[in-house]
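Here is the structure we will look at, set down as structure tokens.
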Amino acid sequence: MIIVTGGAGFIGSNIVKALNDKGITDILVVDNLKDGTKFVNLVDLNIADYMDKEDFLIQIMAGEEFGEIEAIFHEGACSSTTEWDGKYMMDNNYQYSKELLHYCLEREIPFLYASSAATYGGRTSDFIESREYEQPLNVYGYSKFLFDEYVRQILPEANSQIVGFRYFNVYGPREGHKGSMASVAFHLNTQLNNGESPKLFEGSDGFKRDFVYVGDVADVNLWFWENGVSGIFNLGTGRAESFQPVADATLAYHKKGSIEYIPFPDKLKGRYQAFTQADLTNLRKAGYDKPFKTVAEGVTEYMAWLNRDA
């Protein structure tokens with residue numbers, strides 16, 4: 001069996017899909033479906049069982065067995081960069097991850113987990129997986145950073161695989177439940193379909209992000225599991241592009257509309273990453289050599305998925 005925590009969420013459900021595509025269906029999805037809309041991410045997928053996150057954590061802490069586990073993909077976390085309840089964030093992202101890590105280490109189960117580019121904070125260069133480059137801007141980024149630091153202490157002595165992925169700006173299918181935290185491509189598509197002008201913040205051409213397609217993210221997760229490589233790795237494309245190419249690809253797909261530029265919100269000033277670009281040196285050294293989709297390729301594929309029933 002393979003366990004995917006956060007399996008009804010954005011990246012988790014795409015990992016389930018990637019496993020299904022390889023003929024793997026003996027999957028336990030762990031999630032919190034208090035937001036019931038997330039069920040749609042699993043409707044077209046095949047899994048063996050579902051468990052609530054709280055029930056799962058109780059069983060993990062009690063040391064209960066789940067049968068033979070081939071791997072745990074730990075994608076379950078609070079991923080909101082605007083959540084400032086530090087106790088909630090540390091319980092959900094840090095403590096939960098530690099419990100699961102030690103459960104895996106005791107049983108030599110491969111443990112693949114979600115870190116984040118938010119660990120780098122407001123950098124504008126040198127997004128490198130090393131302590132001197134890490135200074136998160138929000139409590140979400142801090143929770144991810146602290147767990148990475150914890151993993152670094154354990155890695156030299158670990159007898160089983162531990163790998164963390166610092167996801168950059170991931171977009172693609174199955175993110176609709178994320179609301180305001182969904183990608184710009186998702187929001188632009190929704191605005192166009194609602195007959196509205198698609199909107200970007202003023203100065204968006206000055207914000208550059210490493211936009212990585214979720215299908216590529218799932219492929220990297222599976223490659224590392226299959227190859228048993230440990231460590232903490234950036235997971236982006238290595239390219240930084242402004243929001244304009246995202247908008248251009250969206251408009252090109254819809255063959256209509258023009259961008260309306262709106263004022264940048266005060267609440268995000270000083271807490272907004274203006275630039276992200278993954279340094280892929282360590283990822284490539286580890287042996288992952290596949291290309292990543294460009295924004296034009298990824299957004300076009302995503303638009304086709306979003307509008308498949310139109």
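Keep in mind that glycine also has a Cβ here, set from the backbone N, Cα and C atoms.
Look at Swiss-Prot and you will find 10-11, 31-32, K38, K53, 75-79, N92, K144, V170, K178 tagged as NADP(+) binding site, backed by sequence analysis. Look at Swiss-Prot and you will find Y140, K178 tagged as active site, proton acceptor. Residues annotated as substrate binding site in Swiss-Prot, with sequence analysis given as evidence: N169, S180, H187, F201, E202, G203, S204, R209, Y272.
Annotated features, which come from Swiss-Prot, shown on the structure.
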residue : record                       : DSSP (3 states)
F10     : NADP(+) binding site         : helix
D31     : NADP(+) binding site         : strand
K38     : NADP(+) binding site         : helix
A77     : NADP(+) binding site         : coil
Y140    : active site, proton acceptor : helix
K178    : NADP(+) binding site         : helix
H187    : substrate binding site       : helix
E202    : substrate binding site       : coil
Y272    : substrate binding site       : coil
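The shortest Cα-Cα distance from F10 (NADP(+) binding site) to any of the recorded positions (Y140, N169, H187, E202, S204) is found for N169.
A C-beta separation below 8 Å, combined with a sequence spacing of at least six in one chain, links N169 (substrate binding site) to A117, S183, R209, D210, F211, V212, G236, T276. Ranking the binding-site residues K38, K144, K178, H187 by how many Cβ atoms sit within 10 Å of each one's Cβ puts K144 at the top. With respect to E202 (substrate binding site), the closest of these binding-site residues in Cα terms is S79, chosen from K38, S79, K144. Shown in sequence order, F207 are the residues of the chain, 6+ apart in sequence, with a C-beta less than 8 angstroms from the C-beta of Y272 (substrate binding site). With respect to S79 (NADP(+) binding site), the closest of these recorded positions in Cα terms is Y140, chosen from Y140, H187, S204.
Cβ crowding, taken as the number of other Cβ atoms within 10 Å, peaks at E75 among the binding-site residues D31, E75, E202. The closest partner of Y140 (active site, proton acceptor) among the binding-site residues, by CA position, is A77; the full candidate set was E75, A77, K178, H187. Nearest to H187 (substrate binding site) in space, judged by Cα atoms and limited to the binding-site residues K38, K144, K178, is K178. Taking every protein chain shown into account, S79, S204 are the binding-site residues, and of these the Cβ with the most other Cβ atoms within 10 Å belongs to S79.
Just so you know, the Cβ of A77 (NADP(+) binding site) picks up 25 other Cβ atoms within 10 Å once every protein chain is counted. Between the C-alpha atoms of D31 (NADP(+) binding site) and S204 (substrate binding site), the distance comes to 34 Å.
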